[in-house]
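**Q** Can you read through this structure? Questions will come right after.
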Amino acid sequence: MPERSIRNIVSQKEICPGHYQMVIDAPEIAAEAEMGQFLHLKWAAETNSDPLLRRPISFNEIDREHGQLIIVYRVIGRGTKLLSTLEAGDKIDLMGPLGTGFSIPEEKNNFLVVGGGMGIAPLLDLVENLLVADKEVTVLLGAEKKEQLLNLEQYQELNVNLKTATMDGSSGYQGFVTDLLADLTAIEYVYTCGPEVMMATVQEWAQENEIAGQASLEERMGCGTGACLSCVCKIKVETESGWEYQKTCTTGPIFALNEVIFDE
Ligand SMILES: Cc1cc2nc3c(=O)[nH]c(=O)nc-3n(C[C@H](O)[C@H](O)[C@H](O)COP(=O)(O)OP(=O)(O)OC[C@H]3O[C@@H](n4cnc5c(N)ncnc54)[C@H](O)[C@@H]3O)c2cc1C
Ligand code: FES
């Protein structure tokens, strides 16, 4: 059972309307966490059970040097609204690191990272690690409008081939980020996180081009520890039916891209 702990919030700021960045002091977690894993958060004091369930949020960056965890999230409903009211010095109740992390195949050199909407959040740490491993990286980021392209300034400072797409044309190509896939050549491996329809298109493109990869799924979660089955997703396996349900919280959230069934 992953450990639960109460941690100090170092800072919290609104980075664009409805989107927040929180920095949490947690040296032991920062030391062991892997890119792509997530925290299961509860922002109330120990005696407060509103809301009852924790909320899963991925690491945006793991700052091992300062022992801090950085998360970026969008306010969706009650849980994230409450989370956004916390300030530096407040406490947060968390479990983690949870789930599986991204892995980097050593033998590949030319990587593609495709993020859409809030799915951009877990990818920054991955891209930084790809660069540390001396890989060539192309990053495609998509959102409704420029201000929702999370971490855009940080990506612009990195040595990556960066392309953006927005639906209103305020940054880069006007339209779906997946339209940019058609221009790519020499990619050997792909990572993606974002809306299912986007990841399904990336999967189709990867299969057509015989490129392997990984997808980070964001299913609705309850316990976060494998006990409640509320987070299951369909994964291809070699059985008669050809697929089975797997738990996103423990077997995922990172899955082999070609094994995910995005059909609902
Ligand atoms: C592994 C993982 C990593 C995630 N990382 C991020 C991130 O880095 N940044 C970010 O903004 N969001 C992330 N999400 C989505 C985030 O967990 C939801 O937006 C959040 O739980 C919504 O809670 P709420 O109370 O504000 O909304 P409500 O809609 O009121 O939530 C009601 C219930 O549905 C669940 N729920 C609702 N939407 C989602 C969702 N998309 N995914 C999972 N559970 C959901 C909640 O946990 C809660 O139990 C992640 C989800 C998963 C599974
Ligand atoms: S969230 Fe309970 S089993 Fe995954």
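Placement of Cβ uses the backbone N, Cα and C atoms for every residue, glycine included.
Found this in TrEMBL, in case it helps:
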| type | residues | note |
| --- | --- | --- |
| BINDING | Arg55, Pro56, Ile57, Ser58, Val72, Tyr73, Arg74, Gly79, Thr80 | FAD binding site |
| BINDING | Cys223, Cys228, Cys231, Cys249 | [2Fe-2S] cluster binding site |
| DOMAIN | 1-104 | domain 'FAD-binding FR-type' |
**Q** If you measure from the C-alpha of Cys223 ([2Fe-2S] cluster binding site), which of the binding-site residues Arg55, Ile57, Arg74 fall inside 10 Å?
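**A** So far as Cα distances go, the binding-site residues lying within 10 Å of Cys223 ([2Fe-2S] cluster binding site) are Arg55.
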**Q** Let's see if you can do this one: DSSP helix, strand and coil counts over the domain 'FAD-binding FR-type' (1-104), in that order.
**A** 12 helix, 47 strand, 45 coil
**Q** Out of Arg55, Ile57, Val72, Arg74, Thr80, point to the one nearest Cys228 ([2Fe-2S] cluster binding site) in space (Cα versus Cα); all of them are binding-site residues in the record.
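**A** Going through Arg55, Ile57, Val72, Arg74, Thr80 one by one, the Cα closest to that of Cys228 ([2Fe-2S] cluster binding site) is Arg55.
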**Q** Could you state the whole-number distance in Å separating the C-alpha atoms of Arg74 (FAD binding site) and Cys231 ([2Fe-2S] cluster binding site)?
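**A** Here the two Cα atoms lie 20 Å apart.
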**Q** Determine which residues of the same chain, besides Arg55, Pro56, Ile57, Ser58, Val72, Tyr73, Arg74, Gly79, Thr80, have their CB within 8 A of the center of the CB atoms at the recorded FAD site, and list them by sequence.
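**A** Near the FAD site, the remaining chain residues are Leu41, Ile71, Ile76, Leu83, Met118.
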**Q** Fewest neighbouring Cβ atoms within 10 Å: which of the binding-site residues Ile57, Val72, Cys223, Cys228, Cys249?
**A** Cys228
**Q** Give me the long-range Cβ neighbours of Thr80 (FAD binding site): same chain, 6+ apart, Cβ under 8 Å, in sequence order.
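**A** Looking at Cβ-Cβ distances below 8 Å from Thr80 (FAD binding site), excluding near sequence neighbours, one finds Arg55, Tyr73, Arg74.
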**Q** For Arg55, Arg74, listed as binding-site residues, tell me which one has the smallest number of other Cβ atoms within 10 Å.
**A** Arg74
